[in-house]
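What follows is a set of notes on a single structure, which appears directly below.
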Amino acid sequence: MNYAVLVPMLVFLLIIFFIGYWSSRKLASSSNFISDYFLGGRELGGFVLAMTMVATYGSASSFLGGPGTAYTLGFGWVLLAMAQVVTGYFVLMILGKKYAIMARRYKAITMIDFLKARYNSTFVVLLSAFSIIVFLFSAMAAQWIGGARLVESLTGLSYNSALFLFAVSVLVYVTIGGFRAVALTDAVQGAVMLIGTLVLLIAVIVAGGGIPNIVNDLIAENPNLVTPYGANGDLTAAYVSSFWILVGVGVVGLPQIAVRAMSYKNSRAMHRALIIGTFVTGFIMLNMHLIGVFARPVMPGIEIGDKVIPLIALETLPPWVAGIVLAAPMAAIMSTVDSLLLLVSSSIVKDVYLNYVKPDATLKTIKRISFGVTGVLGIIVFLLALNPPELLIFLNLFAFGGLEAAFIWPIVLGLYWKWGNKYGAIASMMTGISSYIALHFYNLANGNLFGVHTVTVPVLLSLAAFIAFSLLIDRKAYQYTIQTPK
Amino acid sequence: MEELDWRFKIAHREAWIGLGLALFNFLWWFGFAYGLGSRPVEEYRYVFGLPDWFFYSCVVGFLLISVLVVIVVKFFFVEVPFDEEEEE
């Protein structure tokens, strides 16, 4: 076991615990438990807001899978990853002020509250809650596996013990601290990611003898590595560009991101978050994926992509620095997991239980149920991650694309298009999810339709369905206006 | 009587700005990447050791967009209250 690496990581975990504890004390004195637990009382400032979005979105794949793929495919994959710069500002500008205003008017705590108030339909609520619970649950389990693998490779613990350690850490602070704990720890984790990637990038460049040297080595090995087309020349412009939908603009439809656009304190916080978020997202994505490419000449022959970042950090940095830097992917995974955990439990407690099971529950009951559901969910995910079933891995493949196809139009057009109604929303969600799943199988068998990522076509189909059904059935203009007393 | 919330006009304009910025971002990113990147590798030039297509598309593109976001937010975005006003 490598203590020099382990100690900085443990210190990092302790800081995270402390924040959870501190938030729980603030929560105890809260007068509005639901809003506080699930939304941090709508008082996030610019920096925390930006970081929580970046940290939630930047998951295991950005820190382990993404750089690993860049290692294999070269600069073309970095180009693809840079499509994510747009998420830094796009989500906040599109949802922006209108979503914040409407969410407050509707007194919405979750994305589903927003949809419920806008479309006034039980079916929309239940369909949304169902999608969120199924898809995000699977996404969460996959992240836990990633987290456990990282702990495993660093500590030499068995997979099961690593998973246990990871699960307990996440559960303790989410359960006690709620959204504020999550957002604040995200801010710390975001900062760690930012500095960690910079340090590691510099270390890799130094180890490789400078950028020109590294690039020459890459060309000597395979000139395709420095083109936009990938090592085998099979990254086409259409395919790479279609990632603008999956990891760029489509992110507007992800519930864990959309809920953050409800939580800002005021316009000033939103403006600051726009600027910080754009810079931080771009900076982390650029550095992280470049590290992946540059690592190739420095450490050739790494077979498992996920191990590129841990191995290169251990190779090029002094152990204690590696420990701090590797806290970055750890941070990314934890902060994604905790947000998902909270979102799934808010869907159960707030959207289903409080709406349909027991609307008049007392504060004490709500508290107990919120803690309970969050805890039980965590334990179920833990058990599933011990020995992941086929179905889970299968559903996880759909998680992000499926959610985007389902939610992007009901949210965006619900905000900006007065003719949008519940029939449009239902048709759009059903079309999005079913065409995404159908196309997934088609693409597996025949190669990508039109040469683009699976999410592209379902997003367009669900747009068509939204518009057609809204106009055809029960067409009525929605009033965004406020009643001003005479 | 109903009247359109004055804040929505601002919100709508800012959403359009977001859309425009995303479009510009895409064109810049795509144009440099495939405009310069499609040449044979021997003809690539290098800036700070990075292939030129990558440097202009991803590095300059990212910095340019960050600057544009700052400019847009500072000069075109208007602060509005989010809570419903009680007066009138």
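Using the three backbone atoms N, Cα and C, a Cβ is placed for every residue, glycine included.
Proximity of distant same-chain residues to the transmembrane segment (A:6-23), defined by a Cβ-Cβ separation under 8 Å and at least 6 residues beyond the stretch ends, is recorded for 154-155, 169, 172-174, 176-178, 180-181, 184-185, 188-189, 192, 320, 323-324, 326-327, 330-331, 334. If you look up TrEMBL, you'll see A:6-23 (among others) marked as transmembrane segment.
According to TrEMBL, the feature transmembrane segment maps to A:44-64 (among others).
Away from its own ends, the transmembrane segment (A:70-96) comes close to residues 53-54, 57, 62, 218, 222, 224-232, 235, 240-241, 243-244, 247-249, 251-252, 257-258, 261, 270, 273-274, 277-282, 285-286, 288-290, 292-293, 295-296, 302, 305, 308, 411-412, 415 of its chain (Cβ-Cβ under 8 Å, at least six residues beyond either end). Marked as transmembrane segment by TrEMBL: A:70-96 (among others).
According to TrEMBL, the transmembrane segment annotation covers A:117-145 (among others).
Look at TrEMBL and you will find A:157-179 (among others) tagged as transmembrane segment. If you look at the transmembrane segment (A:157-179), the same-chain residues 6 or more away from its ends with a CB under 8 A from one of its CBs are 13, 16-17, 19-24, 27, 36-40, 144-145, 147-149, 151, 185, 263, 334, 337-338, 341-342, 370-371, 374-375, 378-379, 381-382, 385-386.
According to TrEMBL, the feature transmembrane segment maps to A:191-215 (among others). Remote same-chain partners of the transmembrane segment (A:191-215), defined as residues 6 or more beyond its termini with a Cβ less than 8 Å from a stretch Cβ, comprise 12, 51, 54-55, 58, 63, 226, 280, 283-284, 287-288, 290-291, 294-295, 297-298, 309, 312-313, 315-317, 321, 324-328, 331-332.
The transmembrane segment feature in TrEMBL is assigned to A:235-254 (among others).
The transmembrane segment feature in TrEMBL is assigned to A:274-295 (among others). Listed by sequence, the residues of this chain that lie at least six past the ends of the transmembrane segment (A:274-295) yet keep a Cβ under 8 A from its Cβ atoms are 46-47, 49-51, 53-54, 57-58, 62-63, 66-71, 74-75, 77-78, 81-82, 84-85, 87-89, 92-93, 190, 193-194, 197-198, 200-201, 204-205, 208, 211, 214, 218, 225, 302, 308-309, 312.
Residues of the same chain lying 6 or more positions beyond the ends of the transmembrane segment (A:365-386) and with a Cβ under 8 Å from any Cβ of it are 33-34, 37-38, 137, 140-141, 144-145, 148, 160, 163-164, 167, 170-171, 174-176, 178, 341-342, 344-345, 348-349, 353-354, 358, 392. Annotation source TrEMBL lists transmembrane segment at A:365-386 (among others).
According to TrEMBL, the feature transmembrane segment maps to A:392-416 (among others).
What TrEMBL records for A:423-444 (among others) is transmembrane segment.
What TrEMBL lists as transmembrane segment is A:450-473 (among others). Using a Cβ-Cβ cut-off under 8 Å and counting only residues 6 or more beyond its ends in the same chain, the transmembrane segment (A:450-473) has close neighbours at 236, 238-239, 241-243, 245-246, 250, 400-401, 404-406, 408-410, 413, 417, 419-421, 423-433, 435-436, 439-440, 443.
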Task: Same-chain residue ranges lying at least 6 outside the transmembrane segment (A:235-254) that approach it to Cβ under 8 Å - done: 57, 73, 76-77, 79-81, 83-84, 86-87, 90-91, 94-95, 228-229, 400-401, 403-409, 411-412, 448, 450-453, 455-456, 459
Task: Spatial neighbours of the transmembrane segment (A:117-145) far in sequence, C-beta under 8 Å, 6+ residues away - done: 59-60, 102, 106, 108, 111, 163, 166-167, 255-256, 333, 336-337, 340-341, 343-344, 347-348, 351-352, 355-356, 377, 381-382, 384-385, 388, 392-393, 395-396, 398-400, 402-403, 406-407, 410, 414, 420-422, 425-426, 429-430, 433, 478
